[in-house]
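Undergrad: Sequence annotations record features per position, and here TrEMBL assigns active site to Asp550. What TrEMBL lists as Zn(2+) binding site is His602, Cys612, Cys614, Cys619. The feature domain 'UDP-N-acetylglucosamine 2-epimerase' is assigned by TrEMBL to 69-407.
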Amino acid sequence: MEKHPGSLCTNPHELYYLRMQRLRERMEREKTTEPNQCKRKLRVCVATCNRADYSKLAPIMFGIKSHPDEFELEVVVLGSHLIDDYGNTFRMIEQDDFDIGSKLHTIVRGEDEAAMVESVGLALVKLPDVLQRLCPDLLIIHGDRFDALALATAAALMNIRILHLEGGEVSGTIDDSIRHAISKLAHYHACCTRRAEKYLIAMCEDHSRILLAGCPSYDKLLSTHHREDYMDIIKGWLGDKVQEHDYIVALQHPVTTDIQHSIKIYGLMLDALISFNKKTLILFPNIDAGSKEMVRTMRKKGIEQHPNFRAVKHIPFEQFIQLVCHAGCMIGNSSCGVREAGAFGTPVINLGTRQTGRETGENVLHVRDADTHNKIYHALELQFGKRYPCSKIYGDGNAVPRILKFLRTINLDEPLQKTFCFPPVKDSISQDIDHILEMQSALSVDLGGTNLRVAIVCMMGKIVKKYTQPNPKTFEARMQLILKMCSDAMRDAVCLNCRILGVGVSTGGRVNAQEGVVLHSTKLIQEWSSVDLRTPISDALHLPVWVDNDGNCAALAERKFGHGRGVENFVTVITGTGIGGGIIHHSELVHGSTFCAAELGHIMVSLDGPECSCGSRGCIEAYASGQALQREAKRLHDEDLLKVEGEDMKLLEPVTAAHLINAAKRGNSKAEAALNKASTALGVGIINILHIVNPSLVILSGVLASYYQAPVQQIITERALFSAQSIKVLTSDLEEPALLGAASLVLDYATRRTY
C-alpha cells in the first residue's frame with residue numbers, strides 16, 4: 001500500500017526513535033518542574049475527524065492550551081480532514097496554531113456502507129501505534145461519527161480514559177447507535193442538555209461522571225456572532241448584491257439507514273430552491289455512505305453553475321456562524337440547523353428523519369415526510385425571512401470553563417474499570433430444576449448484646465428455622481458457638497430441602513463490609529474489635545460470607561422484603577436499646593469512606609444535652625434510645641414522680657422504658673414531657689437526615705418504632721423545609737430485620753450471574 005504523505009511512520013526503527021525522543025522530552029520537563037508542583041499535568045489527547053466536530057472541539061483545545069501548567073495537549077487528526085474533496089480542513093487546525101501530533105489517513109473512498117466499515121477497520125489498525133506513542137491520560141471524543149467509534153474502541157481496549165462530548169442525545173440514522181455505543185465505552189461525559197443528562201443516567205451511566213456543560217461551540221458563537229464585518233463575510237461568499245436575511249444556507253447529509261430516500265429528498269430540496277429563486281449558499285454533504293450520489297445529483301442539476309447558488313466544500317466556523325446568523329432561512333438536515341441556528345433565531349427547515357428526536361427551538365419547522373417538491377417549497381414560503389426568539393437549549397456560552405473544571409477533578413488513581421448504575425429490577429421466578437427441587441436459602445447470623453441467633457432464611461424472606469443462644473462474653477467462646485450453631489443449621493438445611501448459598505452476619509459496631517472485619521464494637525459486645533469474621537466462618541463452612549452493621553442490615557431487609565422494596569432512596573432508623581440505621585441511596589447501601597455512614601444515633605441535636613455512650617453530648621441516642629428512656633423512667637421513679645393520680649405505683653420489677661410510656665398514656669405529665677422531648681430530638685435528627693440525603697421515605701424499626709411514628713411525622717410536617725414536609729414516616733412490618741437483612745446480603749449477591 002502506498003504511504004500517504006503525513007501518515008504515521010511504519011518503520012520499527014523510526015517508531016523506536018520517536019518514542020525515545022518523547023521519553024527524553026518528558027524527563028526534561030520533569031527535571032525542570034518546581035519541587036512544589038506535586039501534581040503532574042494531565043495529558044489530554046483531542047482527536048478530531050471532520051470540520052463539524054472540530055467546531056465543537058476547538059474551544060476546548062484553546063482552553064486546554066491556555067493552561068500549560070495544568071494540561072499537556074496532544075492533537076490527532078484523521079478522517080475527512082485529510083481529504084481534498086472535503087477541503088483539507090486540517091489546515092484550519094494548523095492555522096489555529098495547534099501542533100498536530102499525528103495525521104492518520106483512515107478514509108477508504110467509495111462513500112457507501114462498505115467503505116464506512118473499511119474506514120473504521122483502517123482506523124483501528126493505525127490508532128494503536130499513535131495512542132501507544134502519545135500515552136495520554138485522557139482522550140476527548142466528540143459525537144457520533146464512525147471515525148469516533150473507532151477512536152473510542154481503540155482507547156477503551158488500550159485502557160485509556162475517554163471523555164465523550166454530546167452523548168445522551170437522540171437523532172435519526174445509524175448515528176444514534178454509534179453515539180450510544182461511544183457513551184458505553186466512555187468513562188466521562190460532557191453533555192449539552194438536561195434531557196441528554198437524564199438519558200445518560202437512564203442508560204445506567206454513573207451520574208457522578210456526567211457533566212451538564214452545554215455545547216462548546218456556543219462559547220464561540222455567542223461571543224462572536226455580533227461582528228461588525230458580517231456583511232463583508234456574506235458578500236465574500238455570495239456576492240455584492242446579496243442583502244442580510246435575503247439568502248438561504250443549505251446543508252443536507254445522507255441518511256445511512258435509508259440512502260435512496262435521502263438522495264430523493266436532496267433532489268427535491270434542490271428543485272424547491274431553484275424554484276424559490278433566492279441566493280443560496282449550499283455546502284457539500286459529509287462523507288457518509290450516499291454522499292457521492294448526492295454530489296452527482298447536485299451536478300446533474302447544474303447547481304455549481306447556477307447564478308443563484310454558491311456550492312462550497314468548507315467554510316471556516318467563525319464565518320459560517322455569521323452566514324447562518326444573518327440568513328433568511330436554513331434548510332437541510334444538519335444538526336447545525338437544530339442546534340446552533342436556534343441561538344440566533346434563524347428560521348430552519350429540517351428535512352427528513354436524520355434529526356428525529358433532537359430537542360429544537362420554535363425556529364425549526366419539520367418536514368419529515370419531504371416527499372414532494374411542493375411541501376418543501378411551501379415550507380420555504382412559511383419560514384423565509386422570519387425571525388424567532390433566540391434559544392439556548394444547547395448552551396449558555398460557558399461550556400469550556402465547566403469542562404476544564406471537570407478535567408481538574410479527574411482522579412487517575414481511581415479504578416479504570418467502568419461501573420454501571422442499573423435500576424432496581426423485580427426478582428425473577430426461575431424455572432431452573434434446582435429452584436424447583438430446593439429452596440435457595442441463606443444462613444443468617446445476628447450478634448446482639450444479649451443473644452446470638454442463627455436462622456435459615458429462604459429467598460422469599462421466610463424464616464424456615466431459627467436458633468437462639470446467650471451471647472458468650474469472650475471472643476473464643478463466641479466464635480466457637482457461632483461455628484457450632486451454623487454447622488447445626490447446615491445439617492438441618494439438608495433435611496428441610498434448603499440449599500444454603502452463603503452466610504450473612506449482622507453485628508453491632510463499625511464494620512468493614514468489604515473485608516468482613518468488625519473494626520470497633522459497641523459496649524454491649526465485649527472483645528469484639530478488629531475481628532475478622534469472614535475468614536474463619538468461610539473456612540469452616542466452605543461458603544461465601546458477608547458481614548455488615550446491624551443498622552445497615554435493617555435497611556437491606558426493608559429494601560428486599562419491606563416497605564423499601566422498589567424505593568430508590570430511603571432511610572431506616574432503628575429505635576431500640578440504642579439508635580441506629582442505614583441509608584439506601586440510588587438503590588445502594590451507603591457505607592461511607594470509613595464505614596461509619598448512617599451512624600444516625602450520633603447526630604447531635606443539642607450542644608449541651610445529656611451525655612451519650614459515644615462520649616459526646618446531645619446525640620439523638622442520648623434522648624430517644626431505650627436506654628435514655630429507661631434512665632428517665634428510673635429518675636422519675638426515684639423521685640416518686642412516675643405514679644399516676646389515684647394509683648399507688650409500686651414496682652417490683654426493674655424500671656424500664658415501657659413504664660415511662662405507660663405512665664404517659666395514663667396522663668402522667670412528667671412522663672409525657674420526657675417522651676415529648678425524646679420524640680422532638682428524634683424528629684429533629686430525622687429532619688437533618690432529610691435535608692442532607694433527601695430520601696423519599698423514612699422507615700422506623702425496633703421496639704419503640706410504633707410509639708415514635710406519629711410524633712416524628714408531626715415534627716417533620718411542622719419543622720422541615722417545605723419540599724421535605726410530605727415525606728412519609730412508616731413503621732416497619734418486619735419482625736426480624738437483622739436476620740432478614742443478613743440474609744439479603746447473601747440472597748442479593750450470591751444469586752447474581754456476575755460479580
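Positions of Cβ are set from backbone N, Cα and C atoms, glycine also.
Just so you know, TrEMBL annotations are computer predictions that nobody has curated.
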Undergrad: I'm trying to understand the geometry here, so how far is the Cα atom of His602 (Zn(2+) binding site) from the Cα atom of the residue listed as 'active site', in Å to the nearest whole number?
TA: 15
Undergrad: For the recorded Zn(2+) site formed by His602, Cys612, Cys614, Cys619, name the remaining residues of the chain with Cβ within 8 Å of the site's Cβ center, in chain order.
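TA: Those within range, site residues removed, are Gly601, Met604, Ser613, Gly615, Ser616, Ile620, Glu621, Ala622.
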Undergrad: Round to a whole number and give the Cα-to-Cα distance in Å for the pair Cys612 (Zn(2+) binding site) and the residue listed as 'active site'.
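TA: The residue listed as 'active site' has its Cα 19 Å from the Cα of Cys612 (Zn(2+) binding site).
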Undergrad: At the level of the C-alpha atoms, what whole-angstrom distance separates Asp550 (active site) and Cys614 (Zn(2+) binding site)?
TA: 17
Undergrad: What average pLDDT is reported by the model for the domain 'UDP-N-acetylglucosamine 2-epimerase' (69-407)?
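TA: In the predicted model, the domain 'UDP-N-acetylglucosamine 2-epimerase' (69-407) has a mean pLDDT of 90.
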Undergrad: For each of Cys612, Cys614, Cys619, count the other CB atoms within 10 A of its CB; which of these binding-site residues has the top count?
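TA: Sorting the candidates by Cβ neighbours within 10 Å, the top entry is Cys619.
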Undergrad: At a 10 Å cut-off from the C-beta of Asp550 (active site), count the other C-beta atoms across all protein chains.
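TA: If we count other Cβ atoms within 10 Å of Asp550 (active site), we arrive at 26.
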